[in-house]
């Protein structure tokens, strides 16, 4: 679809697609966006080496802003990761070492850059300014502008205390650090818009207020709704664990299947948020019923996987799904994995079969699965997944871990 422009009401487009939960000044922000390029930031603490589907709404929102000509900033919390955001958590996050934080930053940047074009100035680490600020200086510049009474009214803090869970002074100060980040990005990069999930509302408005109290630029904040699936699961989680956005943690095939298996009631909402289809097409697909709705789920799975892993990976996952699930298997209804005899004669290994069909993310992942005893043929562990297969695999049961079972079928 055509990209929105500065002059169009971008806020209205984002609202129509379901991205907007709260805004500090909707009309002011709409005018600000229409006036010309705006620098907006989205922040992540480096608590893992990837992002998951729960972060995807923010990535897509930033993508829409960039398509409209605005400037994205990715803020990595190299400093705040050492503290941990207490928002709506019952316990402290584990403290990570510097080497792990840097490895996590590298992984997050790789994921982010698939959704948003990053240039040399697009990536910022808050350690750049927080590592150098003194405690007394911070209290003087920032602490004087915050009331403890008001901070205690914010849901993220109040709920933690109401449940009588410990909240360290370190964590209590997190919201001040995030407010300081916003002001520093405004000063250093001309950033005037912060994006975040609904649980970040208090942190965002504290930054807006801090800039005002210090006589700085007018800042804006926009939060997105916290998503849950219709069956009540937190977005980004599946029965098997987190739905990661990098292939090293989750194979593209499994990522594709997450979207293909979504609840019927989520299809239209997810198409609006996680694809770039025009809204007329989103509404048409979302209105389908019965078996036709499954085709809409395939469209969703293809679109989401193409953005996360590339068009080739999306096609491979879709092709694998058609081959695996189109026909019923002859053994207890197991899904099929088809192997051509020609390919078998060329020396096909289980490692190649699983990677080529997007059933595993990499050769290394297959070898690790085999080394742990999780790769089995007819219940027997596969010692060497790199060994060439023979015609004897026809009809045999292939198990990947305890829950995923397939049947191999030779085709002429």
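Cβ coordinates are placed from backbone N, Cα and C, and glycine is handled just like the others.
Looking up the ranges 229-233, 234-238, 239-243, 244-248 in Swiss-Prot, the one annotated as motif ''KMSKS' region' turns out to be 234-238. When Swiss-Prot is compared with the stretches 16-25, 26-35, 36-45, 46-55, the one noted as motif ''HIGH' region' is 46-55. Cβ atoms under 8 Å from those of the motif ''HIGH' region' (46-55) belong to residues 76-78, 81, 84, 93, 96, 101-108, 111-112, 227, 234-237, 242-246, 248-249, 258 of the same chain, restricted to positions at least 6 beyond its ends. Around residue 178 (L-tyrosine binding site), taking its Cβ as the centre, 26 other Cβ atoms fall within 10 Å, counting all chains. Residues listed for L-tyrosine, 41, 174, 178, cover a largest CA to CA span of 18 Å. Packing around residue 174 (L-tyrosine binding site) is summarised by its Cβ count: 21 other Cβ atoms lie within 10 angstroms of its Cβ, all protein chains included.
Applying an 8 A CB threshold to same-chain residues 6+ apart, the list for residue 41 (L-tyrosine binding site) reads 72, 73, 74, 75, 124, 182, 185, 189, 191, 193, 194, 195. Across the motif ''HIGH' region' (46-55), DSSP assigns 3 helix, 1 strand, 6 coil.
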